[in-house]
Amino acid sequence: MPKLPVERSPLNDSRESRNQVMPSLSIHILSIALCLSSGFQQGYIASVLNQPYAQIEQFINSSWIERTGHPISDSTLHLLWSLLNVCFPIATIFGQFLAGWMCSQFGRKHTALMASFLYIPGALLCAAAKWCFPAFELLFVGRIIWSLANGVNTVNATVWIVECAPPQIRGRMAAMQEFFMALGSLLTQAVGVPFSTDELWPYNFLPNCAVVVVSMVMFSWVAESPQFIMEKYNDVDRARKALAQYHGVSEDDPSVESEIRICEQSLGKNKEKKKTAGGGIETSHTGMEIMFMPWRAKDQTSRLIRYCAWVGVMVKIAYVFTGARSLRGYSTFILYTLSNFTYSQATWLSFATGLLRLPFTLVPVFLVDRLGRRPLIVVSMLVSFVSILVMIVAIDINGEWKYATFIGLTVLLLINTCGIGSVSRFYAAELVPRNLLLSSVSTLTMFEALTKIGVEFAFYPTANVIGAQSLLLFLVPTGIFTVMCYLMCPETSRMTVNEVLNNVAAKKKMDVVFPM
């Protein structure tokens, strides 16, 4: 008997299209521009104070003497230095709150352009502090403006790439943020080796301005987010054209039609002032009620969304407590003050770690969609725990063991670079429905920033007093979060949000099914 033709469904066509998709030129330009405006800037801001920290502390002390006639006490100087460092996460929180409003009002593209422009006065004010002696406060003002803009771009970058990148390569595109973050950190360390002197330290802030100009030029060439086009203009044809451009396919491709349906469903629910889980599953509660009011939003759909959202929060906080972010910014201090390397050795070893870190950031770019998010998270957490333990023992023993401190610090930074440090940037956004994406990403990144403020503010003064034992601040939570991530984190690789939510619902035996 002749074989009857097999009828193909749009769903199968869409999945086949996802499996065959190749990254387009537009998505590459968008990804690089977002990385330069978000990840690169984050790495630059976090590390720019690292190598010249002794010279900047001396500048603050000299400014104090110029004004008051007497030097500042060590404890006050350490407190001011901690405050200067935590200006970054504090201002970032306000930027993340501002991002939701800006993205909704001006779109992803114009938000990126406006926020990126603020980087330039931020960097220039930091440098001008030296030349306007004794106005050391300009360091704080410039760092606040710089960090505020980075908070806006951090949220915008996550939302924009998730809205535009095909699911099969979404993780790869988002993982590029960690590579550019390492690149930004490496540039500050490379500049910091010759410029960490009493006269030249302001020049550490200036190379960033050229990078900002490049990213703004790139943004001018890419299309607006299809989601914003639908929300603001309700222009289906324009949104379809933008999606096809980003996906590298024709406008009538099934994958484009599938994404357009998601945009239309989200738009319809927002207009009706209903919050849904996406794809037709409805709940009468807002995103904030689902996240923070379990006594009100207690239907099974809300419970499932809340569980996944808080798993995303947990992963972000777990990354902060590995210490990779904080210790990267204090690497010269750890090697020089705690481990007794010479200052020259400490700056060069810090630079070497940054150099090694760069190729490691490419590991998740190639493997995050193949190995999956979950293995990278759990393994990197486990290795982080061992690395911190080695550092504590090595600093306590001191002497010849100082190289063990360097090895432990390097392994900690490298494993997080290709593990949870990279995945945490976009993992939470893969766990929530599209119509809740913007508000939820702003909220989730706020929790990460709040945790970072507490950790970074506490570490430096504490380390100056009790030394190696200050690393227990990272060791104990890392051990706890390793177990929690193993038990709770679902896999999201190569899956739509609805597929992820259905898998979690089945595992938790919840009577919720999201349309595919």
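Glycine too: its Cβ is placed from the backbone N, Cα and C atoms.
Per TrEMBL, domain 'Major facilitator superfamily (MFS) profile' is recorded for 31-493.
Residues or ranges marked as transmembrane segment by TrEMBL: 21-40 (among others).
The transmembrane segment annotation in TrEMBL covers 79-99 (among others).
If you look up TrEMBL, you'll see 111-131 (among others) marked as transmembrane segment.
Listed as Cβ neighbours of the transmembrane segment (143-162) (distance under 8 Å, sequence separation of 6 or more from its ends, same chain) are residues 30-31, 34-35, 37-39, 41-42, 45, 84, 87-96, 98-100, 102-103, 108, 111-112, 114-119, 121-123, 125-126, 170, 173-174, 177, 225, 425-426, 429-430, 437-438, 441-442, 445, 449. Annotation source TrEMBL lists transmembrane segment at 143-162 (among others).
Sequence-remote contacts of a segment are chain residues at least 6 beyond its ends whose Cβ falls under 8 Å from one of its Cβ atoms, and for the transmembrane segment (174-193) they are 31-32, 34-36, 38-44, 46-48, 50-52, 157-158, 161-162, 165, 203-204, 207-208, 211, 328, 347-348, 350-351, 354-355, 357-358, 360-362, 364-365, 368, 417-418, 421-423, 425-426. The transmembrane segment annotation in TrEMBL covers 174-193 (among others).
Sequence annotations record features per position, and here TrEMBL assigns transmembrane segment to 205-223 (among others). When Cβ-Cβ distances below 8 Å are used as the criterion, the transmembrane segment (205-223) is approached by residues 26, 29-30, 32-33, 36-37, 40-41, 44, 48, 109, 112-113, 116-117, 119-120, 123-124, 126-127, 142, 184, 187, 191, 241-242, 245-246 of the same chain, each at least six residues removed from its ends.
Per TrEMBL, the feature transmembrane segment maps to 304-327 (among others).
Here TrEMBL flags 347-368 (among others) as transmembrane segment.
Outside the transmembrane segment (375-397), and at least 6 residues removed from its termini, the chain residues within Cβ reach (under 8 Å) are 315, 318, 322-324, 334, 338-339, 364, 367-368, 404-405, 407-409, 411-412, 415-416, 418-424, 427, 467-469, 471-472, 474-475, 478-479, 481-482, 485-486, 489. For 375-397 (among others), the entry in TrEMBL reads transmembrane segment.
Here the transmembrane segment (403-424) has long-range neighbours at 171, 175, 177-178, 182, 315-316, 318-319, 322-325, 327-328, 331, 334-335, 338-339, 341, 349, 353, 356-357, 360-361, 363-364, 367-368, 373, 376-377, 379-381, 383-384, 387-388, 390-391, 393-395, 448, 485, meaning same-chain residues at least 6 beyond its ends whose C-beta is under 8 angstroms from one of its own. The transmembrane segment annotation in TrEMBL covers 403-424 (among others).
Annotation comment: TrEMBL describes 436-460 (among others) as transmembrane segment.
With a cut-off of 8 Å between Cβ atoms, the residues of this chain six or more beyond the transmembrane segment (466-489) that come close are 311, 314-315, 317-318, 321-323, 326-327, 338, 373-374, 377-378, 381-382, 384-385, 388-389, 391-393, 395-396, 420, 455, 458-459. Taken from TrEMBL, the feature transmembrane segment applies to 466-489 (among others).
Residues 45-46, 49, 53, 56-57, 60, 72, 111, 115, 139-140, 143-156, 329, 442, 445-446, 449-450, 452-453, 456-457, 460-461 of the same chain lie 6 or more positions beyond the ends of the transmembrane segment (79-99) yet place their CB under 8 Å from a CB of it. When pLDDT values are averaged over the domain 'Major facilitator superfamily (MFS) profile' (31-493), the model yields 87.
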